[in-house]
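These features come from TrEMBL:
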type: DOMAIN; residues: 113-306; note: domain 'Malic enzyme N-terminal'
type: ACT_SITE; residues: Y136; note: active site, proton donor
type: BINDING; residues: R189, N456, N500; note: (S)-malate binding site
type: ACT_SITE; residues: K207; note: active site, proton acceptor
type: BINDING; residues: E291, D292, D315; note: divalent metal cation binding site
type: DOMAIN; residues: 316-569; note: domain 'Malic enzyme NAD-binding'
Amino acid sequence: MSSNPSQISDDYVSENRSGVGGGISDVYGEDLATLDQLVTPWVTSVASGYTLMRDPRYNKGLAFTDKERDAHYLTGLLPPVILSQDVQEKKMMHNLRQYTVPLHRYVALMDLQERNERLFYKLLIDNVEELLPVVYTPTVGEACQKYGSIFRRPQGLYISLKEKGKILEVLKNWPQRGIQVIVVTDGERILGLGDLGCQGMGIPVGKLSLYTALGGIRPSACLPITIDVGTNNEKLLNDEFYIGLKQKRATGEKVRVVVAFFFIQEYAEFLHEFMCAVKQNYGEKVLVQFEDFANHHAFELLSKYCSSHLVFNDDIQGTASVVLAGLIAAQKVLGKSLSDHTFLFLGAGEAGTGIAELIALKISTETGTPIDEIRKKIWLVDSKGLIVSSRKESLQHFKQPWAHDHEPVKELLGAVNAIKPTVLIGTSGVGKTFTKEVVEAMATFNEKPLILALSNPTSQAECTAKEAYTWTEGRAIFASGSPFAPVEYEGKTFFPGQANNCYIFPGLGLGLIMSGAIRVRDDMLLAASEALASQVTEENFADGLIYPPFTNIRKISANIAASVGAKTYELGLASNLPRPKDLVKMAESCMYSPVYRNFR
């Protein structure tokens, strides 16, 4: 029986709300079964004994019943006690809280994922606010830096230059066939940590864990991939425990022009072979998310493949969508519209220019003003200072639209004083750059300055929450990329918001999958932003938040998926027809459930 949304009527979905197919064909009926129905633990044959316990998809540890132990030759292989999944979860959380080092928690969670998939996801879903900083930023950054030392078993595909010409064969080595989402990185720009090469695999693994936990995409439909073209990180090249190719990157950086051309061409051909192989092996509707590519590749890949593949860049588009959602929500506190603001960015890479472009598109859509006019109220500062017209010829192509007429300004403080922005956004990847003088300047000409310190991990944040609230005398509306603890200032408690991409990409992915989208368009990102902003309540605003709490993230993702799905149908880019009557219910019905199943 298929769980393809295009083959499920609205009546069927409403009558089978416990079906948790995740929008993928379910050969054995496992995820269309209700929780009280029996399923068969298939591998290549019916799993039993040690084979069953060592398969993370079916292993339940001490939760196997006496009947299941007898039927599947487990008697004697487990202690006699039977523990429910809830008790197992309680025990695991108790154990995790004993660790004082975040990386140790990360390793323990990865070990759990490798031996008991459903318990891992139940832990993550039920304790999302506590565990999100462990499986993703900031802890995942340290995990990537030390990935060679903590590596135990592969959790995704590694495709290196050695496989050039046979990438399709490598993809076929992955045991799961019904892949719906691929997160791929080449490890060149991992968070704010730079080139980590093959060890960047922690990012695709972490992102796809969140696709499942927060967006309900089935684990078997997710594939993490690292493209290994070498690394320019000398420390890794000299590390005996490094797990990737020990060679310089095939990207043409810092080499002679002729040699550079050869390397750039080699890289482009390798990536093109990869994209063609993915489409050939998994079909037109597989979502490919580019993650943590360097600026010069990120924009080129997105531009090259957005018209031929279902592709999405979380650093450019996901960050833009979540930041725009926070800005939309903040207007309810400020009593303004986006068009009333002047924006200043520190950082003009993937995130900065992506956010700026989506803000301009949103304002242009609302006001009918040409987007070129809107851009004039959005200013960017890069490593050489304010981006102005006199620098245009030397700028990378993605920075050129933001070069406006103005005298050159070298420092951020000078730019703040000259532009007098109402919104200050940091995407620089450099910590402590929103100095006391910069933040105080923002507070002198704004009653409630909007300050977003978005760089990850926490050590790279442009300023801390405490600094933002203290230096503005408690008047700032603040959000960051990585989490900060609540701040006490003059008797009032402020709860910093987190502009985390996890709000957007799981729901966006679910919406694309359930509608059978064939392309991603900016209108879908706008729809996701508006859906997220609408989830912020008056109670959240009273606490100083411009994002809803993560405790309701699956409900939030369902609403985002419904909005994205609606826009996909509206644009004529959906292939799962007819359109369901209730897209929110459809999204909820497609979500994977980590609750243990009973075996025959």
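Cβ coordinates come from backbone N, Cα and C, glycine included.
Remember, TrEMBL labels are computer predictions, not curated facts.
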Give the number of CB atoms, excluding that of N456 ((S)-malate binding site) itself, located within 10 Å of its CB.
25
Per the record, (S)-malate is bound by R189, N456, N500: how many Å separate the farthest pair of Cα atoms?
18
Residues that sit under 8 angstroms from R189 ((S)-malate binding site) by C-beta distance, when 6+ apart in the chain
D195, D292, F293, A294, N295, A298
Given the recorded positions Y136, K207, E291, D292, D315, and counting only Cβ atoms in the protein chains shown, which has the most within 10 Å of its Cβ?
E291
Excluding its own, the Cβ atoms lying within 10 Å of the Cβ of N500 ((S)-malate binding site) add up to 26
Given the divalent metal cation site residues E291, D292, D315, which other residues of that chain have a Cβ within 8 Å of the mean position of their Cβ atoms, reported in sequence order?
T185, R189, I190, I203, F290, F293, A298, N313, D314, E350
Binding-site residues D315, N456, N500: which have a Cα within 10 Å of K207 (active site, proton acceptor)?
none
Reported as an integer number of Å, what is the Cα distance between N456 ((S)-malate binding site) and Y136 (active site, proton donor)?
10
Given the residue listed as 'active site, proton donor' and N500 ((S)-malate binding site), what distance in Å do their CA atoms have, once rounded to a whole number?
10
Quick note, D315 (divalent metal cation binding site) and N500 ((S)-malate binding site): C-alpha atoms separated, nearest Å, by 11
